[in-house]
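Asks: Taken from TrEMBL, the feature UTP binding site applies to Lys121, Gln184, Gly216, Asp247, Lys390. The substrate binding site annotation in TrEMBL covers His217.
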Amino acid sequence: DFSKAMSQAGTSQFQEVIRQELEYSMKVELDKILATAPSNELEYAKKDLEGFKKLFHRFLQEKGPSVDWGKIQRPPEDSINPYEKIKARGLPDNIASVLNKLVVVKLNGGLGTSMGCKGPKSLIGVRNENTFLDLTVQQIEHLNKSYNTDVPLVLMNSFNTDDDTKKILQKYSHSRVKIYTFNQSRYPRINKETLLPIAKDVSYSGENTECWYPPGHGDIYASFYNSGLLDNLIGEGKEYIFVSNIDNLGATVDLYILNHLMNPPNGKRCEFVMEVTNKTRADVKGGTLTQYENKLRLVEIAQVPKAHVDEFKSVSKFKIFNTNNLWIALSAIKRLQEKNAIDMEIIVNPKTLDGGLNVIQLETAVGAAIKSFENSLGINVPRSRFLPVKTTSDLLLVMSNLYSLNAGSLTMSEKREFPTVPLVKLGSSFTKVQDYLRRFESIPDMLELDHLTVSGDVTFGKNVSLKGTVIIIANHGDRIDIPAGALLENKIVSGNLRILDH
């Protein structure tokens, strides 16, 4: 046992030496990169690389999945409130003064590349020519007009989306919404083999674009604070932010949740509220809220030890998942940021660049900070508050007559008899938005649809109706054109347009 202990000590010493060498080499490379910064960019570059250095240091310290599976417990009953209970409290007469304490923050760092679009995802048209950003502005403008309030919109951009977003913001200059932006950090991608940055200088245009990445939405705390905007908003008397992904069309300002935050029933305010919703089979990968060392904690699939992944995905054990709709106290962000006390697990995201080089990027997730805040709470909200558009299959749902659009908000049509959303799977011919749009002369009637699968070279004529379960599969080399006005109810369409009953 003695020799075993000695060899373990030797191993840990050896690992420590390796760690120190890696950190030193990283520091040397980052100093070289910083030396190439022009004077007007020096301050920003310095802040970014300092933040990255801290993250890299933590990455070298941590070993394996960052949760001990044995310590994970179900959250206590009172730590996740049903939305119905919060809504039942009603609204006070002074809801306008409560609204004036709110800031809406949208995470706007993502590009539309997964849907075949160049530029910011928020500028993709989703409904009646309106983009994600248009709908967001309309929602907040409607609030401000209805209650005579001044709720501002803040966009967290990345270096990928900042220029294009700022150009488009001019079109809202006459709307009744103040719009602010700040940029999340820009971190260097690391070569997977050497663990050194692949960037040689600070520039990020042209061929250098691939050298840098925005480090996930967990970066919001530091970059919001560093931008000075956090202090300005606190100075204006703002108290809470409502943060959500800009592509989640269900994430509208909810007055009942806001009232619960500002006027808590027990008199003790929450610093952090996470909206969760019930899992379906489609959501098995979403992060879930657990009780861990007496704190509410978000556990993501990447942190789960391999042996427990199936258990994590089980709908029966972990019934809810994080919608990434979060309500956070501004004063708490400031306090924790100044103490350097926001603790988020590192997500290691491996990527292969166009030239075949394997890199990793170190990221954090905004919801993971829940354990650093006092008096956190989960609220189990209706599924309608989670309506993300990640793919053209999602886009088909929100463009269809399943939803009606009112003041920038989408609501499920009352004509649909059951509140669940149909399961839609469009094949690879539909992945890019422009291909998808070309394949539908008009969006089909989907009010009575349960399930749609489309694969291969398929087009839809005008005024098609889909009901029940519809499966359309064009064989390789074949093409299927669904004629205008067709009604497909519980049908399988295959090969060269044989229509079979399902």
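Keep in mind that glycine also has a Cβ here, set from the backbone N, Cα and C atoms.
Unlike curated entries, TrEMBL annotations are predicted automatically.
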Asks: For Lys121 (UTP binding site) and the residue listed as 'substrate binding site', determine the Cα separation and express it in whole Å.
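Replies: Per the Cα atoms, Lys121 (UTP binding site) and the residue listed as 'substrate binding site' stand 15 Å apart.
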Asks: Need one number for the UTP-binding residues Lys121, Gln184, Gly216, Asp247, Lys390: the maximum pairwise CA distance in Å, whole number please.
Replies: 21
Asks: Does anything in the same chain, at least 6 positions from Gly216 (UTP binding site), have a Cβ under 8 Å from its Cβ, and if so what?
Replies: Ile347, Asn349, Glu363, Thr364, Ala365, Val366
Asks: Would you list, in sequence order, the binding-site residues among Gln184, Asp247, Lys390 whose CA lies within 10 Å of the CA of His217 (substrate binding site)?
Replies: Gln184
Asks: Indicate the candidate from Lys121, His217, Lys390 with the smallest number of other Cβ atoms within 10 Å of its Cβ, considering only these binding-site residues.
Replies: Lys390
Asks: Around Gln184 (UTP binding site), which residues of its chain at least 6 apart sit with Cβ under 8 Å of its Cβ?
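Replies: For Gln184 (UTP binding site), the qualifying residues are Gly109, Met156, Asn157, Ser158, Pro214, Pro215, His217, Asp219, Ile220, Ser223.
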Asks: Specify the count of other C-beta atoms within 10 Å of the C-beta of Asp247 (UTP binding site).
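Replies: Result for Asp247 (UTP binding site): 22 other Cβ atoms within 10 Å.
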